[in-house]
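Engineer: According to TrEMBL, the protein carries these features:
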- CYS8-CYS35: disulfide bond (DISULFID)
- CYS180-CYS207: disulfide bond (DISULFID)
- CYS238-CYS265: disulfide bond (DISULFID)
- CYS355-CYS382: disulfide bond (DISULFID)
- CYS471-CYS498: disulfide bond (DISULFID)
- CYS525-CYS552: disulfide bond (DISULFID)
- CYS641-CYS668: disulfide bond (DISULFID)
- CYS712-CYS739: disulfide bond (DISULFID)
- CYS830-CYS857: disulfide bond (DISULFID)
- 1-37: domain 'Sushi' (DOMAIN)
- 80-149: domain 'Sushi' (DOMAIN)
- 150-209: domain 'Sushi' (DOMAIN)
- 268-326: domain 'Sushi' (DOMAIN)
- 327-384: domain 'Sushi' (DOMAIN)
- 385-442: domain 'Sushi' (DOMAIN)
- 443-500: domain 'Sushi' (DOMAIN)
- 501-554: domain 'Sushi' (DOMAIN)
- 555-612: domain 'Sushi' (DOMAIN)
- 613-670: domain 'Sushi' (DOMAIN)
- 684-741: domain 'Sushi' (DOMAIN)
- 742-801: domain 'Sushi' (DOMAIN)
Amino acid sequence: SAKVTYVCRSGYRILGSRERHCQEDGQWSGEEPQCESITCNGYPHVANGVLAPSNESLFRPGSKLRVICNEEYKFIEGELVCTERGEWSPPNLTVANGVAGLASEVDGARVVVMVTYSCHNGFELRGSKNLTCDIGVGMWSHDPPTCERVSCGKPTNLSAGVLCEVGNKHFFGDVVSCRCSFGYKISGHMEMVCLANKTWSSLQATCTPVKCPRPVDPQHGEVVATNLEFGGMANYLCHPNYTLLGNRWRRCNYDGLWSDHEPLCIPLECPPHPPVTNGRTSGSDRTLGSTVSITCSHGFELRGASTRICNTAAEWSPPKTPLCEPAGCSDPIVRPQVVFSYTDTALGSLACFSCTEGYILVGNEVAVCGWAGLWVPSLPDCIPVDCGPPPPLEQGQVVKTESTKFQGVAKYTCQPGFRLLGSGQRICSANGTWNGDIRCDVLSCPKPEHVPHGTAAYSSITFGSSIEYQCDPWFELHGVQQRICLADGKWSGSVPQCLPTPCTVPRSIKHGRIHTTPSFSLFSCEWGFRLVGPKALRCRADGTWSGELPECVPMNCSLQGQVANGRLVQDDATGVTVRVSCDPRYQLQGVNRWTCLANGSWIVPGETTCLLAECPPPDPPVNGVVSGTDFNISSVVFYHCNPGYTLDGLQQRTCLDTGQWERDVPTCKVVEGCGTAAHPCPNFSCPEPKQPLNGHVTYDRLSVGGTSSYTCQPGYRLSGPPSRLCGRDGRWEGREPSCRARRCPPMQATPEHARVDYTGFTQGHNATYSCDMGYSARGSSRSVCQSDGSWKREGTFECLQDHCPHLQSPARGRLIIEGAWVGAKAHYECDAGHTMLGGASRVCEADGTWSGREASCVAP
């Protein structure tokens, strides 16, 4: 325990215990000591002498008294001094057997004086107690002795629980205070005095142990306490399924009370369930058997058990606390018409999108699984193809359009007199056009009935068409001559009749012919004659013909010398129309029919010529050419092969009278054994290779064995062979390569709390990082796709969590800010003509505040 030691100033001595201890009750032991002035009390007695001065009564340490011996006595020390112990030094001396006067020499003998020393009670002699003095010499045999205070050792045989405050050495008269140890009660006076016999006086007190009351068993538990005295321990135990609330052990204190509060036995329960970062728990009951459910926030997925139970050990089971980790993306939720494909849904994975038939993609074809389990950019949509207004239907119209989008239906109807053929509807197809083979077909009336002795003339029996009725010769029409097919599919009117007429047969005409029926007479002329007058006469109801008979007069058109290298040939019985026929080896160019007019001239619809016949231009053979420019009948052309090839077949072909070339075209075959350095093919070469788009080609020679090399511009890669060899067939071997744009792959590693957006994946396109809400970007956020197909970004990029609140730009000024993390800087600038009030720069401090004060821009 703590201890204090009291020390008095020089010239003072302590009254009471020099030390005090801090007890368990928080009080200091014993009484506070006092310091009193040290004095030497009274005058020391000097036998056979006096002290000077002798008129003072209080002597402090350092005070001196001069010793004056009586006559014939001598004091060796000369003076007495008051010491710090309040004692005279040397101490009082008692001179025994002192001589009252000088002894005289007796008969030459020496006079010797002897003194014996003794000390007061409580003092003991140090030195010889007897001294002799030869009067003749005047000296003592040796130094006088001293009286020193007796000392007591440390107290022994103390009762249990007694503590005494003793030093290293105690002298006669010293008082020592004692006390009881903690946990003991005092009874009596607790001081001891050092006695003259070097022993301590007996204590008039006892220390008895403190006892605590027997503790009471807690509800649902018990207490075990075998020692109720000070320092004894009480152990509290709870029944099964209960746990102790408070300290399990209590100690019996010095004051007779048990330490701490009495503990309780409460039902056993699990500790509060730890919070789940980026998630939440449901269920507050913590008793045995209760459960807690764990769910994650949006964008996070559970790693571990979703339910934990409080087991009999008052621990959550399973023991490992589940975690909510950043989620990969779920399957894209899109319309059924959106088709998507992906290999993974982890962060950074790609998904490609397209549409089903009849739908158009609106949005990006590619999305990346970003932070918080979201596809970025936003998922596309597929909208149906719109075919626009349905097309018109000839002789019909649209009566209903359900939709103009994919698989929308437009229904049609026809105008009166027409009927609908097909399904009667058109459907919007995937290519944006209306499909459906429908038409409005004109309605038909029944085939006209046969009219005895007459005919029904018609070109059609469809709606709107008409029938012209005509009776045979010598028959006359009774009823309507014309009937019309109506919209209901019926003929107008009723069927007429042909009744006999009384006309006689006309007489014959010279150089002509007559064909007679009961109702009509038809006339025609022989070759070389033409008809003048009506071609037919009708028998009227009164039995007379409708007109005068015609006549046949000679034609005046010449048939000779009209066509060079050809002739005119009569083509019909009238002699009015002729055809043109060309002589052998000539071909007709133009019209081939002429008509003779009454004035003897020919009507020719266009130019008519007979040209010398010729064959079509001949095709050259593969790897060869054809020579010759005249392709007329009997002309000849010649065939030649390119170097390195030989002709297989005849070299010449002749144009036949039929206008066709004789025989098949000959072929050019490769000459075997040439095309090497040792045996080159004479004058044999490949064509100059074509420059690829976005690339370049070089070659060493165009002859057989020559090599062409292909390279691409920066940002493009070669697809195909990098070089080609000129073959013996005059062709470059292998397929012609092309240059395709290099593509940068999607970013594989995205900084934490960041997402990436792409403008494209070829050279020059950008990939830009942006931070999630609550984080600010630091560093270069833009990467550029390089010509080698890699991304390049200057410096590093990271998303730091915002620590300070967001700042506002000042009115009539602007704010340039790095971010909101600790150490980020913000800089204010004012518009021209305005003055800034406040600091131009601020720094985000560790305590979450911005240094300085907000700046403002004011007009002068």
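Note: Cβ is positioned from N, Cα and C throughout, glycine not excepted.
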Engineer: I need the CA-to-CA distance for CYS355 (disulfide bond) versus CYS207 (disulfide bond), whole Å please.
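Structural biologist: It is 101 Å, counting Cα to Cα.
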Engineer: Can you count helix, strand and coil residues in the domain 'Sushi' (268-326) using DSSP?
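Structural biologist: The composition, in the requested order, is 0 helix, 26 strand, 33 coil.
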Engineer: When the domain 'Sushi' (742-801) is classified with DSSP, how many of its residues are helical, how many are strand and how many are coil?
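Structural biologist: So the counts come to 0 helix, 29 strand, 31 coil.
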Engineer: Please determine which of the disulfide-bonded residues listed here (CYS35, CYS355, CYS552) has the lowest count of neighbouring CB atoms within 10 Å.
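Structural biologist: Least crowded of the disulfide-bonded residues CYS35, CYS355, CYS552, by Cβ count within 10 Å, is CYS35.
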Engineer: Are the domain 'Sushi' (742-801) and the domain 'Sushi' (150-209) close enough to be called in contact, which here means at least 3 C-beta pairs under 8 A that are separated by 6 or more residues?
Structural biologist: no
Engineer: Consider the disulfide-bonded residues CYS35, CYS552, CYS668 and say which one has the Cα lying nearest the Cα of CYS238 (disulfide bond).
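Structural biologist: For CYS238 (disulfide bond), the closest Cα among CYS35, CYS552, CYS668 is found at CYS35.
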Engineer: Rounded to the nearest angstrom, how far is the Cα of CYS265 (disulfide bond) from the Cα of CYS471 (disulfide bond)?
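Structural biologist: Spelling it out, the Cα of CYS471 (disulfide bond) and the Cα of CYS265 (disulfide bond) are 132 Å apart.
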Engineer: Take the C-alpha atoms of CYS498 (disulfide bond) and CYS525 (disulfide bond) and report the distance between them in angstrom, rounded.
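Structural biologist: If we compare the Cα positions of CYS498 (disulfide bond) and CYS525 (disulfide bond), the gap is 30 Å.
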Engineer: For a quick check of packing: other C-beta atoms within 10 Å of the C-beta of CYS830 (disulfide bond), how many?
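Structural biologist: Its Cβ shell of radius 10 Å holds 20 other Cβ atoms.
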Engineer: Just the number: how many Å between the Cα atoms of CYS382 (disulfide bond) and CYS857 (disulfide bond)?
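Structural biologist: It is 51 Å, counting Cα to Cα.
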Engineer: Neighbour count, 10 Å Cβ-Cβ cut-off, for CYS265 (disulfide bond): what number do you get?
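Structural biologist: For CYS265 (disulfide bond), the count of other Cβ atoms within 10 Å is 21.
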Engineer: CYS552 (disulfide bond): which of the disulfide-bonded residues CYS8, CYS35, CYS180, CYS207, CYS739 is the nearest Cα neighbour?
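Structural biologist: So, spelling it out, the nearest of the disulfide-bonded residues is CYS739.
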Engineer: Which of CYS8, CYS207, CYS525, CYS712 has the fewest nearby Cβ atoms, counting only those within 10 Å, among these disulfide-bonded residues?
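Structural biologist: Selected from the disulfide-bonded residues CYS8, CYS207, CYS525, CYS712 on minimum Cβ neighbours within 10 Å: CYS8.
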Engineer: Where DSSP helix means H, G or I and strand means E or B, what are the helix, strand and coil counts for the domain 'Sushi' (613-670)?
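Structural biologist: So the domain 'Sushi' (613-670) is made up of 0 helix, 25 strand, 33 coil.
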Engineer: Quick one: pull the CA-CA distance for CYS830 (disulfide bond) versus CYS265 (disulfide bond), whole Å only.
Structural biologist: 70
